[in-house]
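Please read the structure below before turning to the comments.
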């Protein structure tokens with residue numbers, strides 16, 4: 001009886017963790033798109049900078065003030081030698097995500113971001129000469145096919161937004177790969193990641209945002225009928241972006257690796273559905289089918305990685321079959337150092 005109650009509570013806890021993760025993620029996506037489309041605040045660098053500032057303040061509050069998470073100590077030298085380069089790639093990734101959201105629908109942007117597993121594998125193979133099992137390559141086929149079908153049939157296609165989202169995938173893959181070497185020895189969770197990288201990202205982006213968008217922001221403030229209420233929405237999206245990081249930390253510790261993978265892909269489907277209900281962007285049947293194929297492919301890719309991670313090590317003296325680099329052995333390893341879902345939305 002007691003074991004049954006424990007199991008039921010564990011199931012409820014996992015479900016609640018997933019639902020609040022979905023809620024924060026979808027809310028941040030919708031708020032960002034609302035800012036660009038409905039508030040006519042067409043300044044993705046400024047929005048990204050606001051989110052970095054809110055995340056930096058939130059990370060400091062959680063770790064230093066409320067002490068809800070222990071601080072992972074990083075040597076001062078490593079902060080510049082390791083954390084700063086990662087923060088630079090992190091910054092580029094977030095900006096590209098917001099730029100793409102400025103020009104293309106949420107459904108199309110989210111589908112393209114699902115291309116990240118393929119770009120990661122290809123980059124590791126081309127640049128780092130990593131070898132992969134054939135099952136990994138096979139699992140990428142539906143992802144690539146779904147992306148191609150979605151792109152060809154997208155009714156609101158914009159080349160600039162498409163390229164921004166695609167290069168955002170490359171930035172995400174580069175960040176994840178660089179994390180292996182640059183952050184080797186540091187086991188960051190999502191909160192410590194934000195604590196260290198958000199201040200650097202703010203410092204990197206602040207000057208370009210002021211130079212490229214400063215005059216436009218001032219003009220928007222002077223012409224918008226309700227600037228203060230709009231600013232509240234913009235800064236609220238930054239607060240929600242930080243809450244998304246905290247929700248990821250919670251869901252990681254409340255679910256299994258397989259559940260996390262499946263829930264992550266279902267979350268994309270929820271985001272696409274909710275954004276369509278709110279913004280009513282046209283979606284053809286073939287476009288929706290392409291999106292579904294991509295999400296199924298991502299789920300299959302995660303399943304293949306999970307299966308490979310459970311293979312026993314080779315017997316000494318026998319030829320070693322090349323394994324997928326950095327195959328996830330636990331649910332923590334399924335989350336990149338700067339998680340992809342954070343990458344999409346900050």
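Even glycines carry a Cβ here, placed using N, Cα and C.
What TrEMBL lists as transmembrane segment is 12-31, 43-63, 83-104, 134-153, 159-182, 194-211, 231-251, 258-279, 285-304. As annotated by TrEMBL, domain 'Sugar phosphate transporter' applies to 15-301. The annotation region 'Disordered' is assigned in TrEMBL to 311-346.
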Range from 43-63, 231-251, 285-304 with the greatest count of C-beta pairs under 8 A to the transmembrane segment (134-153): 285-304
Chain residues outside the transmembrane segment (43-63) and at least six past its termini with a C-beta under 8 angstroms from it: 32, 35-36, 69-71, 91, 94-95, 98-99, 101-102, 191-192, 194-196, 198-199, 201-202, 205-206, 208-209, 212-213, 216-217, 220, 234-235, 237-239, 241-243, 245-246, 346
The transmembrane segment (258-279) in contact with the transmembrane segment (12-31), cutoff 8 A, at least 3 CB pairs, sep 6+: yes
Integer mean pLDDT for the domain 'Sugar phosphate transporter' (15-301): 89
Range from 83-104, 194-211, 231-251 with the greatest count of C-beta pairs under 8 A to the transmembrane segment (12-31): 231-251
